[in-house]
Amino acid sequence: MELQSASHDEALDFKGRLADKKSTGGWKGCCYVLANEIFDRIAFFAILANLVTYMTSVLHENTAEAATNINNWVGTIYMVTLLGAFLADAFWGRYRTILTMAAVYILGLILLTVSSSLKSLRPLPCQPASRNETCNPASKQQRAFFFVALYLVAVGSGCMKPCVSSFGADQFDEKDSSEIKKKASFFNWWFWGIHAGQLVAVTVLVYIQDNVGWSWGFGIPTVLMVISVLTLLYGTPNYRYQKPHGSPLTTIVKVIASAISKWHMAIPTDKATKPISFLDRAAFARESGRKPGDAKKPWDLCSQAQVEETKVFVRILPMWFGTLLFSTAVAQNPTLFVKQGSTLENSIHGKFKIPPASMLLFTNLTVLFSMPLYDRLFVPSVRKITGHPRGITMLQRMGIGMFITVASMLAGGLVETKRLKVARVFPHSKPLPMTIFWLLPQYILLGLAEVFTYSGQIEFFYDQAPAAMRSLGAALQLTTLAGGSFLSSILITVVNRVTGPSHPWIQHNLNQGHLNFFYWLLAALNVANIGVFVPLAIWFKYKDNEVLLPPSSRV
């Protein structure tokens, strides 16, 4: 007999039965997923936040090389999210994909800990006597071991990412009005959890890396990642599970290929659906040119549902491109921001020294304080005016964050101009007689930008993707970070080639470069990007579930 409290979205419990909403899912299920994510974020950001310091001080890479390597690594992490989404949707489901890729992730962390622990796997320590002296770089074998470990972390972490956020959202039935509001709140708290984990990483673990040792600094994240997996396993009976529905990537390619192969076919105007009516050809059979006995090509004909799902997916792609430069600005947070801080006075009252990478905590604190205010004050207040369930649309939220991003880059450039003036007056001072807290505006503004744009992205790409493409939608949001990281690498390389070789903007010794010009270039590019994004956001048509609330329900 069918349960009256059964989930309406065909979710199953861990025994394969129709999930009972009273005993599975909701906050009772997603709380374990959130806890898993927090432990995972502590482990991940403990590696990322201080990686530029490890690469420059231990592996003896120069600043531009280290920033490029980190951007490429981060880009790889977010690019393989597509692989994770494919495996989850086509074969394993989200839960099994998370557990499988967590094993790869942990293996990479173990090897990274070994790399930092054994003297034979890292170059000898070195302190340059002058600013023009360089240290011997790591050998090919040492670099190979380190980067194999690092990219195992990339594959494991990247494949997990879209599955974990989607698995958490799966705990809410989108056909139940009471759970729809909870899911919208879930995405806000999900983003809050990411920054809660990051806060612990950039304070406690970065301090351990700088003051106790790198082997401890990498070993503790390994243990935390194991705890993350155990937490997820503990909640197994409480989850709602969605069956794999096949790869959405295959569906998209099939529809596009079928439509292109029938480009010359005329279809009745009353049968075409806008927008992107060209894809409707994929749902029409060929009537001419086929001989009796010819085998029917498996990709020749698609269902109308497949065509409509592909259309929805294609429509959100412009928003992907529209957020790339935001992600490029965010990519400076764990790289050039940290190197900028490493040149400044970081002691507090001459006693405690704050590691440069720990300045990221101010981005985290901004998010941790702002997100509850956004969720509990901003949204209800604006909802009374607009009648929109979210207060403002997801794209409006993302656009506001983009404006704040421009302010962050402008602030970074102004502070760097001040820092360079101090460096000219005190050319031999290390650190410079300028407090690291001058960097606060750029960190805080970037955190505020993430509250709007990054959190809005997470919800937009999940919510606007077709139901059968939710993992792919989550992966698509994460690949904006990949695109931003790769674009940052390209910009650094191009800028240094155009402005060098004698006076490149980004030098190993920042006092001899013009990092301020690079920040202002990013600000200008983001202004131009806003000019493109705003019209796209105005013209975008949301799915049918984006409706206004009646006045009586706006409180």
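From the backbone N, Cα and C atoms, a Cβ is placed for every residue, glycine too.
What TrEMBL says about a protein is an automatic prediction, not a curated fact.
What you are looking at is a predicted structure, and each value in this text was computed from that prediction instead of being measured.
Annotation source TrEMBL lists transmembrane segment at 42-60 (among others). Within the chain, the transmembrane segment (42-60) has long-range Cβ neighbours (under 8 A, six or more residues past its boundaries) at 66-67, 69-70, 73-74, 109, 112, 116, 122-123, 126, 134-138, 142-143, 146, 153, 157, 197-198, 200-202, 205-206, 209-210, 214, 217-218, 220-222, 224-225, 228, 334-335, 338-339, 342, 355-358, 360, 508.
The annotation transmembrane segment is assigned in TrEMBL to 72-91 (among others).
Feature annotation from TrEMBL assigns transmembrane segment to 98-118 (among others). Sequence-distant contacts of the transmembrane segment (98-118) (same chain, six or more residues past either end, CB-CB distance under 8 Å): 43, 47, 54, 58, 84, 87, 92, 142, 145-146, 148-157, 159-160, 163-164, 167, 214-215, 217-219, 221-222, 225-226, 228-229, 232-233.
Residues or ranges marked as transmembrane segment in TrEMBL: 144-168 (among others).
Feature annotation from TrEMBL assigns transmembrane segment to 189-208 (among others).
Summarising the annotation, TrEMBL assigns transmembrane segment to 214-235 (among others). Within the chain, the transmembrane segment (214-235) has long-range Cβ neighbours (under 8 A, six or more residues past its boundaries) at 29, 31-33, 35-37, 39-40, 42-44, 46-47, 50, 54, 58, 98-99, 102, 105-106, 109-110, 112-113, 115-117, 201, 205-206, 208.
Summarising the annotation, TrEMBL assigns transmembrane segment to 357-374 (among others). For the transmembrane segment (357-374), the list of distant contacts is 45, 49-50, 52-53, 188-189, 191-192, 195-196, 198-199, 202-203, 206-207, 210, 333-334, 337-338, 341, 436, 439-440, 443-444, 446-448, 450-451, 455: same-chain residues at least six beyond its ends, Cβ to Cβ under 8 Å.
Residues or ranges marked as transmembrane segment by TrEMBL: 394-415 (among others).
Sequence-distant neighbours of the transmembrane segment (436-454) (same chain, 6+ residues past either end, Cβ-Cβ under 8 Å): 191, 195, 323, 326, 329-330, 333, 337, 340-341, 344-346, 354, 356, 359-360, 362-367, 370-371, 374, 397-402, 404-405, 407-409, 411-412, 415, 418-419. Among the features that TrEMBL reports, transmembrane segment is placed at 436-454 (among others).
When Cβ-Cβ distances below 8 Å are used as the criterion, the transmembrane segment (474-496) is approached by residues 64, 67-68, 71-72, 74-79, 81-82, 84-85, 158, 161-163, 165-166, 316, 320, 323-332, 335, 457-458, 460-462, 465, 504-506, 518, 521-522 of the same chain, each at least six residues removed from its ends. Positions annotated as transmembrane segment by TrEMBL: 474-496 (among others).
Per TrEMBL, transmembrane segment is recorded for 517-540 (among others).
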- Item | Beyond the flanks of the transmembrane segment (517-540) by at least 6 residues, Cβ under 8 Å | 315, 318-319, 322-326, 328-329, 332, 336, 393, 395-396, 398-399, 402-403, 405-406, 409-410, 412-413, 416, 491-492, 495, 505-506
